[in-house]
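Remarks on the structure that follows.
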Amino acid sequence: MIRTLDLDNLQQALAGTPLQDWAADLPAQLDAKLAVGHGDLERWGAAVNALPALVPQQIDLARRFFLDGACDEATRDALKSALQGLIPWRKGPFELFGVHVDTEWRSDWKWERVAPHLDLRGRRVLDVGCGNGYYQWRMLGAGADSVVGIDPNWLFFCQFLAMKRFLPDLPAWHLPLALEELPAKLEGFDTVFSMGVLYHRRSPIDHLFELKDCLRRGGELVLETLVVEGDAQQVLVPEDRYAQMRNVWFLPSVPALELWLRRAGFVDVRCVDVSYTSVEEQRSTEWMRYQSLPEFLDPADHSRTIEGLPAPARAVLIARKP
Ligand SMILES: Nc1ncnc2c1ncn2[C@@H]1O[C@H](C[S@+](CC[C@H]([NH3+])C(=O)[O-])CC(=O)[O-])[C@@H](O)[C@H]1O
């Protein structure tokens, strides 16, 4: 499976950049990771390998994730059943040759809140906690030069490989790595995204420093995370679960998050969006059959989680490394 990581092309894309040495070391690091792997990796790899060989004649990544081209009914059934082998699908939606992968999240809605505030044309991008890579494809659709995603989840890695099958020549790479597994002081990306990751970190300010270390001087950070209302000293730390999630640590107010970013050395810090997540944006579907946001909110009062905490609101902040 390592060959499907397409590391040769990644090395070529990063040749002559500050990321060149890192790219050269990746095959050995990833070989070691893949040797340990995950119990279900073989099954998910088989689902990826079962995807029919289809060549998209129509590609739209700018307005949605949409691929289409010649595909008969039997091939479409084979495509659907291979993609079903990678359930649960959380981030999307994906439209592939007439198959609509209706994911748990309307990630396209989040992208519509983020994208208008950025100019990704010609930029070398890192997406930290990229999930299945949905946003990586949309970043290419917005003109990014190359997009590297990192995420330690093996299922999401396989979901990315499924899409890459149909778009083998596009400059998007997904590495099954956690942020902590990147070398210190990479300082080579023009734009770094961290969306939906900060509240999972026990040391959120260290997370900001780690993101800053991935950026070149003058590079831009795009940070999206759960927030609460309040002033610059307001932060919620849940006693236990938050909207049924176990590993949620810090939910700052927007002014607190802006302060954290400034303390971490970012400049031009600005919040460009705050939105409550609706039960239309995150819900169970045929492609993600577990419980979802509608079950995680207080049934009598959707402004509260079932734990009695403020319902999920997410902010998008942009900041620059001086
Ligand atoms: N140490 C880590 N390093 C890198 N990734 C990690 C780490 N720990 C967890 N993750 C990954 O971070 C992602 C968080 S989801 C956001 C997905 C996308 N960005 C989104 O904005 O929809 C949360 C949400 O649903 O919002 C998961 O894919 C984890 O595997």
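Including glycine, each Cβ sits where the backbone N, Cα and C put it.
Note that this is a predicted model, so its numbers are computed, not measured.
Lifted from TrEMBL, the feature list:
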- LYS91, TRP105, LYS110, GLY129, LEU179, GLU180, MET195, TYR199, ARG314: carboxy-S-adenosyl-L-methionine binding site (BINDING)
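The record assigns LYS91, TRP105, LYS110, GLY129, LEU179, GLU180, MET195, TYR199, ARG314 to the carboxy-S-adenosyl-L-methionine binding site, and the maximum Cα to Cα distance across that set is 26 Å. Shown in sequence order, VAL128, GLY129, ILE150, VAL197, HIS207, GLU210, LEU211 are the residues of the chain, 6+ apart in sequence, with a C-beta less than 8 angstroms from the C-beta of LEU179 (carboxy-S-adenosyl-L-methionine binding site). Minimal Cβ crowding within 10 Å, among the binding-site residues LYS91, ARG314, is found at ARG314. Look at LYS91 (carboxy-S-adenosyl-L-methionine binding site): DSSP puts it in coil. Neighbour list (LYS110 (carboxy-S-adenosyl-L-methionine binding site), Cβ cut-off 8 Å, at least 6 residues apart, same chain): MET195, GLU224, GLU281, ARG314.
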